[in-house]
Amino acid sequence: MAAPAKGENLSLVVHGPGDIRLENYPIPELGPNDVLLKMHSVGICGSDVHYWEHGRIGDFVVKKPMVLGHEAAGTVTKVGELVKHLKPGDRVAIEPGVPREVDEYCKIGRYNLTPTIFFCATPPDDGNLCRFYKHNADFCYKLPDSVTFEEGALIEPLSVGIYACRRGSVSLGNKVLVCGAGPVGMVTLLVAKAMGAAQVVVTDLSASRLTKAKEVGADFTIQVGKETPQEIASKVESLLGSKPEVTIECTGAESSVQTGIYATHSGGTLVIVGMGAEMVNLPLVHAAIREVDIKGVFRYCNTWPMAISMLASKTLNVKPLVTHRFPLEKAVEAFETAKKGVGLKVMIKCDPNDQNP
């Protein structure tokens, strides 16, 4: 594959709140353990939109121009001198988090918790919404021929669902409540069913998203209106015939987390995936006296191989989640679409010569 010419690396860059621009960046120079990738498909995540709108997420503040994007797949064009398992032409999915050191968290297999981790499009680290991108080869996973680039890009949000279901110990025959029918809620629904959940209820404010949830496998849906958390929990129990053993909360909304506590079966598990306000009011006594375990989720770890196997074996289907596609040259328009909440997953196609999924 021919090496890219200088100046061909079109990139989508956030400069601060409300300020994103398409700019040409230099082609990255490789280290011995890196690969250079020609990017193909990059999904827009809610965090990308948040950095564009607000210039920060919590303590992560955009202080200098930063390339956006972290849900991605592409083709290897060049490898570093120590890379043995990949070669030019290989199609890969990118795990965006790469530990910079082997610390106590890496040693126990929970490298997602290491505080110094490199993570695409998290200040100050650049993302991969660009033509060409450099990444550590150990965190690039070869895609089988049966898995498309778009599916490869969707492994990132799919990994959140896998990790959340692992944290909740979803298993054969479980009844599961998923709060939120956005992209993360949808992949959590797919994974829960793939892991053997007998029945899954999905809640959301949006009727159209709940319709999509039914299409991809939800047994029941509840459109949340002005009901109290206790009333929503009662509806969940009525639909399932009993309280769910596992609740996975994907919105971050205070009332939804409260619903999760009230709804979950005694001795069950509430998994917190959505990130909302730093301080929230919760009925903790209600959780304590019924021994409802509350577990947090921060990104994911050790999920890419399982996700690839699930996609290759057709255990689950993420293709219906992609509702909009834009070429890289129209990335700003793509972000406007994502900001409006139109559709579900917006995908940007970075290779001008290949717009196929």
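The backbone N, Cα and C atoms fix where each Cβ goes, and this holds for glycine too.
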Among SER146, SER169, SER234, SER238, can you tell me which residue Swiss-Prot lists with the annotation phosphoserine?
SER169
Given that Swiss-Prot annotates ASP204, ARG209, VAL273, GLY274, MET275, VAL297, PHE298, ARG299 as binding NAD(+), state which candidate in VAL184, VAL187, VAL191, VAL318 belongs to that site as well.
VAL184
Additional residues around Zn(2+), ordered along the sequence, whose Cβ is within 8 Å of the centroid of CYS45, HIS70, GLU71:
VAL42, GLY43, ILE44, SER47, ASP48, GLY69, ALA72, PRO96, CYS120, ALA121, GLY127, ALA153, GLU156, PRO157
Return the residue, from the listed binding-site residues HIS70, ARG209, ARG299, with the maximum count of other C-beta atoms within 10 angstroms of its C-beta.
HIS70
What is the number of other Cβ atoms found within 10 Å of the Cβ of GLU156 (substrate binding site)?
27
May I ask for the distance between TYR300 (substrate binding site) and VAL184 (NAD(+) binding site), taken between their Cα atoms and rounded to an integer number of Å?
12
